Amino acid sequence: MIIWAWIDALFFWIMGIILLLHTIKWWNNPVKGNVRNSEIVESIIFFIIGYYILTMVSESSEISNILYLVHIISFSALIIFFWGFNVLPNYIKSKKNPEYRNENTYEKFLEKIDDKYNSVELGTKKDRFKDFSRKLLHFMQFIGIISFHFISESIVKNNSDWNVSFIEFRNFIYFLVAGFFWIMMMVGDMTRITHWEYLPRWGWRWFEKSLEPEKERWTVNGATTILLANMIWIHPVFPIQVLIITAWVSCIGDAVASIVGKYFGNHKMTIGNFPQKSFEGLIAGVLTTVIGTIGLLKLFPVLGLSNFILILIALVCGIIFALVDMFSKLICDNLLNGIFTGAVTWILILIFTTG
């Protein structure tokens with residue numbers, strides 16, 4: 001096994017360990033609630049991703065060492081930038097000036113956000129901007145997953161002497177982009193929750209504009225969770241259709257359900273665990289899931305899959321989305337949508353395309 005692969009995997013394992021230790025330390029803190037269950041699952045996925053890294057590229061590849069080194073250098077530079085040039089100076093500042101630490105607490109920040117969003121006019125305006133900007137990030141994740149797949153295929157075709165498959169190179173790109181995002185968000189989120197005063201002022205402004213106070217004030221950003229669940233399905237053993245459908249449901253289906261439910265939902269749900277949600281949002285999410293799954297299986301056809309089975313898979317994905325949206329209380333829907341949709345899609349494809 002290439003030593004660089006182990007070092008590369010270590011970045012993801014360390015993120016998993018940090019999140020796991022944080023969850024254990026805060027386990028009995030009432031502010032955590034059920035998000036601690038989600039954090040345990042997220043930690044496990046980080047360990048799975050680290051394992052994927054070990055087999056990302058074949059040792060026979062001409063550029064395997066280069067690909068792993070690009071990861072290591074890039075991730076190291078990012079950590080140095082965020083910790084060394086942003087968190088560390090404020091850590092030193094707070095140690096030298098206890099008043100700075102006492103004046104700038106996370107609790108005061110949360111009070112500030114709550115006051116803003118309790119203002120009907122200002123709160124609604126800011127909430128709408130935040131909602132659409134967050135959903136845009138989810139949409140970009142879906143587009144990125146598809147784009148990098150085709151870009152990688154094109155690059156490898158034009159560089160056949162690399163002796164690397166396009167799936168291996170695609171996963172190198174996926175891990176590079178995801179690693180950048182996860183490191184940035186993990187540094188930010190863990191510092192935000194445990195030592196708010198260590199964040200730079202631009203970090204305060206970032207969280208003021210991006211944080212979803214109701215769901216994320218004491219846990220990691222939702223985009224981190226969605227990406228983790230999607231990345232489970234990038235291993236070569238899973239057909240590309242599993243990854244793309246999972247990304248569609250978790251990124252687009254959930255976003256449509258949220259927007260429609262929040263701004264057009266007039267009939268609150270009388271079933272499930274979330275009476276604040278609406279039937280309009282649920283129906284929009286299910287329809288987006290079903291129609292999108294059918295369309296994606298037409299664009300990315302599976303050999304031997306009939307139209308009837310294609311529709312069956314789409315309907316099952318829609319049912320999964322509905323069940324998760326209504327009942328996902330112990331573990332967040334951002335995780336369960338990605339895990340259950342991917343698993344069931346993969347199993348159905350296996351059943352109906354083999355023997």
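Glycine residues also receive a Cβ, built from the backbone N, Cα and C atoms like all the rest.
Note that this is a predicted model, so its numbers are computed, not measured.
Annotated features in TrEMBL:
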TRANSMEM  6-24  transmembrane segment
TRANSMEM  36-54  transmembrane segment
TRANSMEM  66-88  transmembrane segment
TRANSMEM  136-152  transmembrane segment
TRANSMEM  172-191  transmembrane segment
TRANSMEM  240-260  transmembrane segment
TRANSMEM  281-302  transmembrane segment
TRANSMEM  308-328  transmembrane segment
TRANSMEM  335-353  transmembrane segment
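Long-range neighbours of the transmembrane segment (66-88) within the same chain, counting only residues 6 or more positions beyond its ends whose Cβ lies under 8 Å from a Cβ of the stretch, are 2, 4-5, 7-8, 11, 53, 56-57, 164, 169, 172, 175-176, 179-180, 183-184, 187-188, 191, 198-200, 203. Against the transmembrane segment (6-24), the recorded stretches 136-152, 172-191, 281-302, 308-328 differ in Cβ pairs under 8 Å, and the greatest number is found for 172-191.
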